[in-house]
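Have a look at the structure below before the remarks.
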């Protein structure tokens, strides 16, 4: 390893990553001849930066709850500022390298495939030409040429590098790799939504990009059905939600695919729909089993909750008057709380049972996993969590009524232990509920942006920051370090 590339290996020096990036930029400006240096794998500094998963993480790309915590915790705010500084340093370095790097300047527009093959025996005709792979020398001019920063950044999801390259050199969008794939094929295969949206907004090149076939005859719609072996789904994401993501990608790509390419067949005589169905058949089977098992388990819990709540309605706290039959504690304020919470518990629990039964009787077609089944599951879980919450409210009101009425602590302890399974249920199913809410992440992020940009929120944020700043004495060592930087 020599030259400028060494500074892209942070593990070899005892220095924070943001300082690494600043040092890299200083060396690049001072020793411009090192920008094109390659390491043992034939990779330049820009190529290494384009596949570095740590460089372009932003603080505002974190979850909805994390962004709220930034305004509460000073440690969170400090970490967010540090992350933002690292992002800016990486972006400055990328912009400098892009203007001087030449590893991707030679582009290969590929072959215009003409008419799509619509007949299952279309591969044997001569008028509808199949895609043939050209010799390797026609596009691989030097070592590492096919690993362009544009494709590496697309694969890693670094929209900043992709946008900068396409802004400075628009012709780079026509580049194809050793398999005949263009930037749209790569963005779709590695599920990089931001880059897909960025490229599809380029009107001049979009019509050419969507008509490109790779050397196996796959259109961009076929690429949705080609499994990425390196893809690792979210740990909290079940098979049904993973299949929902795949179906949404297919629908998204289909919108930009020309109508005459929808039924195009690749070299294996498969349409895009056929390839997608065959490659996702195993995932669909897992999704059916998972959603059935989840709905059945939730149905049992909902029935148990409804049974307990129904029994509690006839065994009121404090008992009933022997002569009138009215509850003894009917005039207590918490008795009203108990009554309302118990009724809501029964209503929510029984409604969730109906929703889960509707899920169990579904035909489980591919199209059902796009919106219908995940939305039903989320609605059912929401009702179930509401029933659990109201059940705990009813339990709390019962405990307060028993204490005020002079009941012994023995009964209170027994009731507390009897409700432990409810708490365990909430803890076990809450991660699943969070993964379902990711479907509505855009709505939550938009709501957060509106709230964070409001006048009163900004005023409260300034007041909180100023109070935090005045409550802590300044650190002279930190101030000296900040001034030196």
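Just so you know, glycine gets a Cβ as well, placed from its N, Cα and C.
Quantities reported herein were computed from a predicted structural model and do not represent experimental measurements.
Within the set 239-260, 261-282, 415-436, the record from TrEMBL flags 415-436 under the feature transmembrane segment. TrEMBL lists transmembrane segment at one of the ranges 204-229, 334-359, namely 334-359.
The stretch that TrEMBL tags with transmembrane segment, taken from the ranges 147-167, 168-188, 294-314, is 294-314. Within the chain, the transmembrane segment (334-359) has long-range Cβ neighbours (under 8 A, six or more residues past its boundaries) at 291-292, 295-296, 298-299, 302-303, 305-306, 309-310, 312-313, 316-317, 327, 373, 376-377, 379-381, 383-384, 386-387, 390-391, 393-394, 397-398, 400-401, 404.
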